[in-house]
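For reference, the structure discussed in these notes is given below.
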Amino acid sequence: MKHKIFAISIFIFIVLQILVILGSWFVTVMFPTLPVRSMLSSEGIRWFLGQYTSNLASPLLVWLVLAGMTYGALRSSGLSRAIVYFSNISYRQRFALKVVVAELVFFAIVLFLMTFLPQAILLSVTGELFPSSFSRSLIPFVCFLLTLFSITYGLINASFSSLTDIFNSLTSGITAISPWLVIYVFVIQLYYSILFVVVT
């Protein structure tokens, strides 16, 4: 059922993409004075083929991949379940959680030193937090921390017994979000196509 919804969504985005392509051509033919560019013109074809990779290579794609890896680590390690069912976990799991909390405190202190002190290295040149290196790296940093915490918990709790287990957990997360990656390809191209057609 879930995959059927994704398949229908992709079909809708394909139809919308076709409508944008044909619609842009129709408008430029019927109303040439309007600020609209045709995707079937030489300029439009060059843009579509030449910018396709650049359009896909956005920070959002990186965030999706990182989020998938993080999700896989959280799920496979059992950390998310341990947090939800904290009252029913074993002594070993409690110890693993304490180590994770210690890591969280350590990184919180490090993050504070790099962002809130005068001349902190993650602030912008004007001393602002938003926008800055901190704000641009916030999502990757959170994903890194959650993945690290999951690996730590999994190793102590014996959910992970080898590097292969850790690797498999990361790839399982990407597999889980793979439908969203396919959706992303069609949505982002549709978005940039609309921006190209509507001359601003």
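Positions of Cβ are set from backbone N, Cα and C atoms, glycine also.
Record features, source TrEMBL:
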- 7-31: transmembrane segment (TRANSMEM)
- 56-74: transmembrane segment (TRANSMEM)
- 95-117: transmembrane segment (TRANSMEM)
- 137-156: transmembrane segment (TRANSMEM)
- 177-199: transmembrane segment (TRANSMEM)
Against the transmembrane segment (56-74), which of these stretches has the most C-beta pairs under 8 Å: 7-31, 95-117, 137-156, 177-199? 137-156
Which range out of 7-31, 95-117, 137-156 gives the transmembrane segment (177-199) the most CB pairs under 8 Å? 7-31
